[in-house]
Amino acid sequence: MALEKSLVLLPLLVLILLVLGWVQPSLGKESRAKKFQRQHVDSDSSPSSSSTYCNQMMRRRNMTQGRCKPVNTFVHEPLVDVQNVCFQEKVTCKNGQGNCYKSNSSMRITDCRLTNGSRYPNCAYRTSPKERHIIVACEGSPYVPVHFDASVEDST
């Protein structure tokens, strides 16, 4: 009797373990939309000419762990305004994909570029505040930015 119960419960246990193994890795994984927000949206501050802004933000936003991310752009606009770019002018992405959008108006941004000779773990960045149109790749439901593609000057 005990053996029969074990044989019935064994497949159920195997099924539960398979489901947990499949679901668990995605539980702690950051979504592409959340990663975009972490890496590119800084609504709480305005563009800073402080030479330490990029050094601090790149560390704070975990972009200097294991390597120095060479280039990054922070957008200093409300998150909803950045998300709304997904419904503005459709443009072709740098990689040829068709899911990029250009902001209708220029936005306040800060470009961070790794300085020449800077090596991990001592990542040092040059800070450049600007006002430019942003181009982002969007996907998902809701349709939101998942990749910062470029910034461009006003063409007027």
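These residue numbers are counts, starting from 1, taken along the chain as shown.
Every residue, even glycine, has its Cβ placed from backbone N, Cα and C.
Note that this is a predicted model, so its numbers are computed, not measured.
What Swiss-Prot lists as active site, proton acceptor is His40, and the listing cites similarity to another entry. Secondary structure at His40 (active site, proton acceptor), taken from DSSP and collapsed to helix, strand or coil, is helix. For His40 (active site, proton acceptor), the number of other Cβ atoms no farther than 10 Å from its own Cβ, over all displayed protein chains, is 19.
Positions annotated as compositional bias 'Basic and acidic residues' by Swiss-Prot: 33-43.
When other Cβ atoms within 10 Å of the Cβ of Cys112 (disulfide bond) are tallied across all protein chains shown, the result is 21. For Cys54-Cys112 (among others), the entry in Swiss-Prot reads disulfide bond.
Neighbour list (Cys68 (disulfide bond), Cβ cut-off 8 Å, at least 6 residues apart, same chain): Met58, Leu114, Ser118, Arg119, Tyr120, Cys123. Here Swiss-Prot flags Cys68-Cys123 (among others) as disulfide bond, drawing on similarity to another entry.
Within its own chain, Cys138 (disulfide bond) has Val85, Cys86, Asn99, Cys100, Tyr101, Val144, Pro145, Val146 as residues 6 or more apart in sequence whose C-beta sits under 8 angstroms from its own. Annotation comment: Swiss-Prot describes Cys86-Cys138 (among others) as disulfide bond.
Counting only same-chain residues at least 6 apart in sequence, those with a Cβ under 8 Å from the Cβ of Cys93 (disulfide bond) are Asn99, Cys100, Ile135, Ala137, His147, Asp149. Swiss-Prot lists Cys93-Cys100 (among others) with the feature disulfide bond.
In sequence order, Arg38 are the residues near Asn62 (N-linked glycosylation site), counting only same-chain partners six or more apart with C-beta under 8 A. The annotation N-linked glycosylation site is assigned in Swiss-Prot to Asn62 (among others).
Look at Swiss-Prot and you will find Asn104 (among others) tagged as N-linked glycosylation site. Taking the Cβ of Asn104 (N-linked glycosylation site) as centre and 10 Å as the limit, one finds 12 other Cβ atoms among all the protein chains shown. Under the three-state DSSP scheme, Asn104 (N-linked glycosylation site) falls in the coil class.
According to Swiss-Prot, the feature N-linked glycosylation site maps to Asn116 (among others). Within the same chain, no residue at least 6 positions away from Asn116 (N-linked glycosylation site) has a Cβ under 8 Å from its Cβ. Under the DSSP three-state reduction, Asn116 (N-linked glycosylation site) is assigned to coil, being neither helix nor strand.
According to Swiss-Prot, the signal peptide annotation covers 1-28, on the basis of similarity to another entry.
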Short question: which residues 6 or more past the ends of the compositional bias 'Basic and acidic residues' (33-43) have a Cβ under 8 Å from it? 57, 61-63, 72-79, 82, 110, 136, 140, 144-148
Cα of His40 (active site, proton acceptor) to Cα of Cys54 (disulfide bond): how many Å, rounded? 12
Just jot down the residues in the same chain as Cys54 (disulfide bond), at least 6 apart in sequence, with C-beta under 8 A of its C-beta; none if empty. Asn72, Thr110, Cys112, Arg113, Tyr125, Arg126, Thr127
